[in-house]
Amino acid sequence: MTQATFVRKEMLAPQEPPVSERGAIKWARENLFSSPLNSLLTVVGIVVVFMLIKSALPWLLHGVWNASSLPECREIIEARYGEGATGACWAMVRERWHQYLYGFYPQELFWRPTLAFALMFVALAPVLYLGNRTVNTIMAGIVTVLTTLALVGVAMAFPQTIAGADAGFGALLVAVVLLAALTAVAWLAPRKLLIFTLLYPAIGFYLLWGGSIWGPIGTLAGFAILVFVYSLTKGQLGVVVATGAGVVAASVWWLAIQSHVTGALHSIVPIGTTHVDSDEFGGFLLAFVIGVTAIAASLPMGILLALGRRSDMPLIKALSVGFIEFIRGVPLITMLFTASLLLQYFLPPRTNFDLILRVIILVTFFSAAYIAEVIRGGLAALPRGQYEAADALGLDYWQAQRLIIMPQALKISIPGIVSSFIGLFKDTTLVALVGLHDPLQGVTKVVRAAIEWKGIYWEPYIFVGLIFFACCFSMSRYSMYLERKLKRDHR
Amino acid sequence: MAYVASTPKEPFRLSMLVYDTRYRSYTIQIVVLLLFLAFLAWLLNNTVENLAAKDKDINFSFLFQRAGYDIDQQLIPYTNDSTHGRALFVGLLNTLIVAFFGCILATLIGVFAGVLRLSHNWVVSRLMTVYVETFRNVPLLLWIILAFVVFSETAPAPRDFRVTEEMAAAGEEPAASKILFDSVAFTNRGASIPRPYLDHSLGSFSVLDVPINLSVVAALALIAVGVWINRRLVVHARSVQEATGVRPTIWWKSLLILFGPIIVFLYALGFHLEYPELRGFNFQGGINVAHSFTALLIALSLYTGAFIAEAVRAGILAISKGQTEAAYALGLRPGRTMRLVVLPQALRVIVPPLISQYLNLTKNTTLGMAISYLDLKGTLGGITLNQTGRELESMLLMMAIYLVLSLIISSGMNVYNTAMKLKER
C-alpha cells in the first residue's frame, strides 16, 4: 500500500482567468477577431464607418442655423472654418419648417392641426395600451404638456395668432382645458376614454377642415342611426341582415336627408369656424391625414376581406379573391391616378368630391388588400381545433370570429399588419405624383425652387427622412412591444 | 326501440331563407350578387353617360398613331415618328430592364446583408442592422429622388474632363477624370460606359422592326449548350461518386466547357470595347446611361435589398439549431453544413417573401416617374395619356399589363413552391 506523500489540506484561491480570456480582450476576440475572415470583416467594417464619419461629421458639425439663403450659409461657413469648408445649411429647416409640417395651411390657424394631432394620441392611448390606466394617464399628461408648449411656440413663431385678438389665446386656453379634462378622464374613468376615441374622427375632421359644426354632427348622427337600427333588428334578423338594414338606413340619411337637415340647422344656428380648403393641406399634415385615416379604415376592411376569402360561400369568396388579387397586382401609383383621373368617369356626372378624400379611399382599398392577405395567413395558422371548439360551444359564425378566432389570428398577424401600416405611411409620399403637396416631393420642390434655397439637396431630404424614420421606427418598436405583451405561451 | 336517423322533413317556408342556416347562405349570396350586378351596371351607366357628355368613345386606335415624343433610353429602335404602341413597348422594356437588374442587385445586396447581420462579428452585424433599419423606415421615393439629385448635382460637367493644350504643357490634371480604368465617364448628364463591338459581326435580321443580332443569339446559344453539358457532367460525376465512393475531379472540365467556347467565339469575331471619348461638349461613343436609370436602379436595389435581408435572416433563423448540431455530429464542416443542410431548408422559407419582394420591386419601378424615367407609366400612362386624352383606355391597358406581369411572377412562385414543398409520405 502506497502512502500519499502530500495531500493539500486547504483549497487554493481561484486564479484570475488569463488576460486573453476576460474583459474587453475576450469580448474582442470572440466578437471581432474569432477567425481570419472575421478579422478582415471587422477591419473593413471599421474602415467603412470611419470613412462615413470622416465625410459626414464635419459637414454636420459645421451646420448653420441662422441665415436667410444658401449663399449666405456658405459665406458664414467659409468665414468660420476657412476656405473650402463645407457644412449643412439647417437655416432652410428653420425658415421653412412650417411648410414641411403644415403645407400651405393658414398660419393663424396652425393651432388647429396641432391640437388635432395631439388629440389623436389621446384617442389612440386606450387602443394602443389596452386600457392600462397608468400608461394612458401618463400619455395624456405628456401630450397636454407638449401641446401647450407647441401651441405657445407656434403662437410666438407667428405673432398674428395671438396678436389679432384673444382668439389665439382663447384657442390655447380651450386646448389646455380640453386636454387636462381628458387626462382627468383617463385617470378617473379609463373606459370612458374609448368614447372619445370613437368621437375622434369627427373632432379631428372638424378641427382640420373647419366650416359649419353641423356637418360632422350630421355624419355622426348617421352612425347613431346605424347603431340604432342594428340593435333594433338584430334580435329578429341576425347580425348580417341587421347590419345591412343599419347601413341602408344610414346611407339614406347621409345621401338624401343629411345635407338638408344640416343646411337648415346651420341657417338657424350658424356655429362654425373658418373653413380650410384641401388645397391648402400639405407637408406632414397631409401625410398624417392620409396615413392615419387609411390605416384606421383599412384594418376592418382587411378583416372582412380575409373572412370573405375564407368563406364557404363561393360567390363571396370569388369577389374577395378578385378584389384582393387585382389590387395587389397593380402599382399604387395606378390607383392614385385612378383617383385623380378615372373616378370622374365612374361616378355620376357632376359629382366632384375632394381629391384628398378620393386618394384616401383608394389608398385604403390598396392597404386593405395587403392586410387581408396578412390576416388570411394568421387565420390559416390557427389549428382547426379552435374552429371546431367554437362550433362545439354552439357559437354562431360572428360570435366564434369575435370571441375565439380573431383575437388569436390578429395576434399572430401583428408583425405583418404593422409592417403593412408602415408601408402605407411611407407610401403617402406618392400622392405628390397626383399633385398633392406631400413633404417629400411637393414641399421640397417648392423649397428648392425658391431663389434663396436653389441648389440645396442634402438638408431637406435628411430632415424629411429623419421624421419618417422616427415615425416608422417607433411603429415597428410598438409592434414588438405588443407582441411581447400579448404572448401567452409560458416559456 | 326505434331510432330515427333523420330529422323529420319540414315543409319549406319562405322565412327559412332568412332563419335556416341551410338556406341563408344562398339568400346572402343572391343578394350580394344582385347588389354587385347593380353596382357594375351603375358604374357602366355612369361611364357611358360621362363619355357621352365629353363626346368621347372607348377606342384603342390611338396606339397606331404617331407618338411625336422622344424617349431617351430605348432598347428597340424608336423615333418620335413611331406609333404610341411602339412607345408603349419601349416603356415596357424600360420597366422590365430596371426590374430585371434591380432584382439581381437587390438579391445580392439582400443575401449579403442578411447573412452578415447574423454574423457573430459585432461591428459588421451592427453595420448591417443600421443599413436595414435606415432603408426600411424611410420612403422609397426619398431614396430615388435623393440618388437622382445627388448624381446630377455633384457629378462634374463634361467640360471638367477636358485637357487643354496649356494644361498638358503645364502638366496639370483636369478637374475630373474617368473612373474604372479610364473606361466610365460619370458626368452630370449621365454615365458613359464602354460599348461592346465585334469586328466581324454575323449580321442581323429584324422581326417587327426589332433588330435581332445573330452574334448575340449565337453567343447565348453557346452559353446555353455549355450549361447543359456541364449539368450532364455534374450528374455523371455524382453517379460515379455514388457507385464507387470517389468523386472524379471535374472543376477544370466545368470551367473549360462553360467559358472556353464563348471566349474562343468572341476572339474569333474580334470582340473589343469602344470607350467613350470627350468630343465637343459631351462624351461620344460608348453607351450613355441616363442618371434616371442609375438612380432608380440603385435606390430600388438598396431599398428592396433591406427587405430581402430581413427575409433571408428570418429564413435562416427559422431552421432549428438541432439541424446544425446534427450536421456537426455527422462530421460536416460549417461551410458544408450551411450549403447542404441549412440553406436547402431555409430556401423554402426565404423564397416566397423573396418573390413578393421581386413583385414589389417591379411595381415600384413606376416611381421612376418622379425623376422622369420613361417606363411604362411614363410613356403609356404619362405622355401618351396626356397627348391623346385617352385616360380610360391608357389606364386600363396599363393596369392590365401590370396585372399580367404580376401574375407571371407569382405563377413562377407557385411552380417553385410546389416543387419545393415538403414531400411527406
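Yeah, the Cβs are placed from backbone N, Cα and C, and that goes for glycine too.
Outside the transmembrane segment (B:23-44), and at least 6 residues removed from its termini, the chain residues within Cβ reach (under 8 Å) are 16-17. TrEMBL lists B:23-44 (among others) with the feature transmembrane segment.
Sequence-distant contacts of the transmembrane segment (B:87-116) (same chain, six or more residues past either end, CB-CB distance under 8 Å): 63, 67, 69, 71, 73-76, 78, 124-125, 127-128, 131-132, 293, 296-297, 300-302, 304-313, 316, 354, 357-358, 361-362, 365-366, 368, 373-380, 383-384, 397, 401. Here TrEMBL flags B:87-116 (among others) as transmembrane segment.
TrEMBL lists B:92-413 with the feature domain 'ABC transmembrane type-1'.
Taken from TrEMBL, the feature transmembrane segment covers B:128-151 (among others). Below 8 angstroms of C-beta separation, residues 113-114, 116-117, 188, 291-292, 294-296, 298-300, 302-303, 305-307, 309-310, 364, 367-368, 370-371 of the same chain, each at least six residues beyond the ends of the transmembrane segment (B:128-151), sit close to that stretch.
A Cβ distance under 8 Å defines the sequence-distant neighbours of the transmembrane segment (B:210-229), meaning residues of its chain 6+ beyond its ends; these are 76-77, 198, 201-204, 257-259, 261-262, 265-266, 269. The transmembrane segment annotation in TrEMBL covers B:210-229 (among others).
Among the features that TrEMBL reports, transmembrane segment is placed at B:250-273 (among others).
Annotation source TrEMBL lists transmembrane segment at B:293-319 (among others).
The transmembrane segment feature in TrEMBL is assigned to B:395-416 (among others). Sequence-distant contacts of the transmembrane segment (B:395-416) (same chain, six or more residues past either end, CB-CB distance under 8 Å): 60, 88, 92, 351-352, 355-356, 358-359, 362-363, 376-377, 380-381, 385.
Same-chain residues lying 6+ beyond the ends of the transmembrane segment (B:250-273) with a Cβ under 8 Å from its Cβ atoms: 183, 194-202, 215, 218-219, 222-223, 225-227, 229-230, 233-234, 237.
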